[in-house]
Amino acid sequence: MQTHILGYPRIGSNRELKKACEQYWTGKIDVNDLLEVGKTITQNNWKLQQEVGIDLIPCNDFSYYDQVLDMTLTVGAIPERYQEIAFKKSETDLYFAMARGFQKEGLDITAMEMTKWFDTNYHYIVPEFQKNQEFTLFSNKIIKEFINAKQAGINAKPVIIGLLTYLLLGKEKEEGFDKLDLAQNLLPVYIQILKELENHGAEYIQFDEPFLALDLNEKAKETYQFIYAEIRKQFPKLKFIVTTYFEGLKDNLSLATSLPIDVLHIDLVRCPEQLDEVLKTIPETLSLSLGIVDGRNIWKNDFQKSLHFIEKAVQRIGSERIFIAPSCSLLHAPFDLDSEKNEDILSPEIKQWMAFAKQKVYEIVDLKKLASENPDYNALQALAENKKAIENRKTSTLIHNQDVKNRVDVTTEEDAQRNSPFTIRKQTQQEVLKLPLFPTTTIGSFPQTKEVRNWRAKFKKRELNAEQYDTLLKQETERTIRWQEEIGIDVLVHGEFERNDMVEYFGEQLAGFAFTQNGWVQSYGSRCVKPPVIFGDVHRPNPMTVYWSKYAQSLTQKWVKGMLTGPVTILQWSFVRDDQPRSLTCKQIALAIRDEVNDLEKVGIRIIQIDEPAIREGLPLRKSDWQNYLKWAVEAFRISASGVEDATQIHTHMCYSEFNDIIQNIADMDADVITIECSRSQMELLNAFADFKYPNEIGPGVYDIHSPRVPSKEEMVELLKKAQAVIPAQQLWVNPDCGLKTRHWDETEKALIAMVEASREASEEFLKKEKLKY
Ligand code: GLN
Ligand code: ZN
């Protein structure tokens with residue numbers, strides 16, 4: 001039996017890589033300093049795994065920005081527009097230019113696109129492909145890392161994105177070909193890499209092929225067979241590990257087990273039920289890597305449960321053919337639980353239930369020891385401690401709240417239903433709210449200036465007391481309300497100055513949430529996020545936003561929109577408990593948000609927005625699982641929104657997403673108004689709503705808040721015309737794409753003034769046309 005790690009976090013225990021990259025980008029350190037930081041992190045990662053006793057230690061799992069971009073550079077898939085940089089600059093600068101764009105020295109080259117890595121919150125740089133594209137071995141990073149590991153005394157296992165997965169992650173940049181057609185051209189480069197690695201003494205190679213666990217068409221399946229057969233032919237001696245994760249093999253099981261490889265890795269956290277089927281069908285020549293330690297979450301492994309899996313596998317195929325591993329790369333787990341030292345932030349009782357990347361390495365090794373004939377004393381000690389922690393978590397009063405469980409049990413379909421259908425609500429809302437045609441609003445946040453962030457920092461450090469902090473925020477809120485009144489916005493917002501982050505702000509006030517000091521996980525490039533931890537039954541002990549909404553509403557005769565984050569988004573952007581289904585946790589959050597919505601209504605807030613920017617990214621990887629997810633996700637939103645009277649208008653907001661395939665579900669959310677990100681696609685996104693005849697009101701974003709550029713009134717009038725071509729004017733709202741928190745005030749002022757003018761002009765033109773009709 002052997003242990004191995006699929007990949008280790010590379011940001012460093014104190015986010016050293018983030019800091020070094022950002023310093024390098026601003027010219028504060030040179031390339032050697034940067035490379036030195038990278039080297040130290042890698043060496044530390046190796047050393048840890050070596051000391052703990054991992055048998056196969058990965059290399060090339062390190063990356064300065066993204067492992068897919070590394071592969072792009074390795075195989076020389078460098079888009080045309082970077083030719084000049086490739087010619088003039090170092091490999092490192094070319095690499096970062098591809099990741100981040102290059103606006104210097106008279107050049108203005110856009111970055112490559114970025115998108116989510118499967119269903120994680122990690123984002124990779126999307127490879128760009130042309131018809132008949134040629135590949136060459138451009139960067140020898142993989143070889144260098146292998147040699148570095150060797151010098152550190154490790155015969156490492158190079159981690160390489162599988163050829164098929166690499167192609168499937170990319171995007172065809174011209175028409176008339178299929179990216180899979182490029183497999184033939186790409187293969188020689190893979191062979192060259194493998195030759196060099198073999199010459200340097202590599203024994204094991206890990207190919208990451210998560211696509212093997214996703215829906216594949218016939219052509220992809222055939223290409224898998226072809227490519228791996230070719231690779232095997234060339235390398236009879238190398239041992240190939242193919243990893244799958246984030247899903248079960250399901251209908252691709254026979255394909256996966258028929259590949260001429262040596263070890264197949266399966267994810268038993270995401271899909272434990274696949275073990276039996278795999279054990280039944282696995283050929284004798286194939287070893288099995290059991291992904292039993294959750295690489296995506298922060299919970300301690302349940303040793304007894306895992307040992308049961310291992311025993312089953314041992315009985316069936318023998319321990320020599322078994323590898324023990326985390327479910328996927330540990331990239332998605334925070335670095336080290338030992339750095340959580342502040343008991344006021346993370347209580348010892350909750351902390352004992354958790355394991356970060358470093359602790360997971362220990363778990364893997366402990367599991368191997370415990371699965372052996374004669375586990376040593378330390379291993380048995382670890383088992384006893386593990387049992388205790390697992391038992392404590394199962395029964396802890398911190399987690400279990402009978403009232404919450406009871407409330408979920410008595411929640412009915414009716415609770416997810418507004419009193420009347422939209423057509424009736426619309427009339428009532430018109431009578432009460434008296435909004436004009438093309439009403440203007442914003443998505444919620446106003447600029448979080450340096451001062452605002454400074455106040456919060458000082459308040460946290462106790463340099464400002466609660467009263468001082470409150471006064472400053474009130475002043476900022478009042479200024480924002482006055483300014484919106486002045487320029488003539490119809491539905492105002494309070495500005496969200498009191499919030500650090502749209503999930504954390506709510507998590508901090510909900511029961512069942514914990515926070516970490518250092519639980520950072522890479523999101524993209526140097527960006528890291530620190531997700532809250534949902535550890536227990538969720539409820540809302542006290543109102544969360546009523547104070548600020550009520551205050552803002554007291555300042556003005558106009559409507560102020562209440563501003564909440566929706567249950568699915570809170571779930572999606574947190575570490576979620578693994579002792580009950582996600583859908584159940586989501587329902588608990590939904591009920592807590594519902595309480596808040598109802599309380600806002602009670603104090604006279606008649607327009608309430610429940611943001612759900614993450615609803616689409618929660619979609620399962622296999623299409624057959626979509627409807628089940630959408631059913632509970634939509635229901636959760638509706639539970640949160642349906643406790644109010646007809647006259648109270650519920651808004652929701654979603655960031656840029658393809659709505660075509662889920663438009664029915666979006667409509668099922670039954671929000672009175674939905675605001676969406678639309679301006680970058682020039683309103684194309686609206687077609688989905690138009691074709692579907694989306695019945696409720698829509699605010700397609702009329703300008704892009706992701707750029708400092710100030711849009712002109714004319715542009716926005718133009719976009720509103722485009723919108724009216726497909727959606728009736730009476731259904732349209734006018735608003736920016738998303739929240740304004742990352743923008744500066746001067747840009748915001750100019751843009752919103754123009755936006756209000758655009759709405760007025762659109763409205764005048766519309767009324768003129770209407771008159772002409774009669
Ligand atoms: N209300 C939030 C804001 O304006 C919405 C943010 C989001 O969509 N991600 O900041
Ligand atoms: Zn948004």
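Glycine too: its Cβ is placed from the backbone N, Cα and C atoms.
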Original post:
So TrEMBL lists Ile443, Gly444, Ser445, Glu496 for L-methionine; which of Asp294, Asp302, Asp611, Asp625 goes with them?
Top reply: Asp611
**OP:** For the 5-methyltetrahydropteroyltri-L-glutamate site that TrEMBL lists with Arg15, Glu16, Leu17, Lys18, Lys116, Asn121, Arg527, Cys528, Glu617, give the additional residue from the candidates Trp455, Trp573, Trp733, Trp745.
**Re:** Trp573
**OP:** Taking a cut-off of under 6 Å between Cβ and any atom of ligand 1, tell me which of the binding-site residues Arg15, Gly444, Trp573 pass.
**Re:** Gly444
**OP:** Based on Cα distances to Asp611 (L-methionine binding site), point out the closest of the recorded positions Arg15, His653, Cys655, His706, Cys738.
**Re:** His653
Subject >> Listed recorded positions (Arg15, Lys116, Arg527, His653, His706), ranked by Cβ neighbours within 10 Å, top entry >> reply: His653
Subject >> Listed in sequence order, residues with CB under 8 A of Leu17 (5-methyltetrahydropteroyltri-L-glutamate binding site) and six or more positions away >> reply: Arg10, Ile11, Val37, Gly38, Ile41, Tyr64, Ser526
Original post:
For Asp668 (Zn(2+) 1 binding site), which of the recorded positions Ile443, Ser445, Glu496, Arg527, His706 has the nearest Cα in space?
Top reply: Ile443
Original post:
When you put Ile443 (L-methionine binding site) at the centre and draw a 10 Å sphere around its Cα, which of the recorded positions Arg15, Lys116, Arg527, His653, His706, Cys738 have their Cα inside it?
Top reply: His653, Cys738
Subject >> Listed binding-site residues Gly444, Glu496, Arg527, filtered to Cα within 10 Å of Cys738 (Zn(2+) 1 binding site) >> reply: Gly444
Original post:
Around Asp611 (L-methionine binding site), how many other CB atoms lie within 10 A of its CB?
Top reply: 25
Original post:
To the nearest whole angstrom, what is the C-alpha distance linking Glu677 (Zn(2+) 1 binding site) and Arg15 (5-methyltetrahydropteroyltri-L-glutamate binding site)?
Top reply: 32
**OP:** Anything from the recorded positions Lys116, Ser445, Glu496, Cys655, His706, Cys738 with its Cβ under 6 A from ligand 2? List those in sequence order.
**Re:** Cys655, Cys738
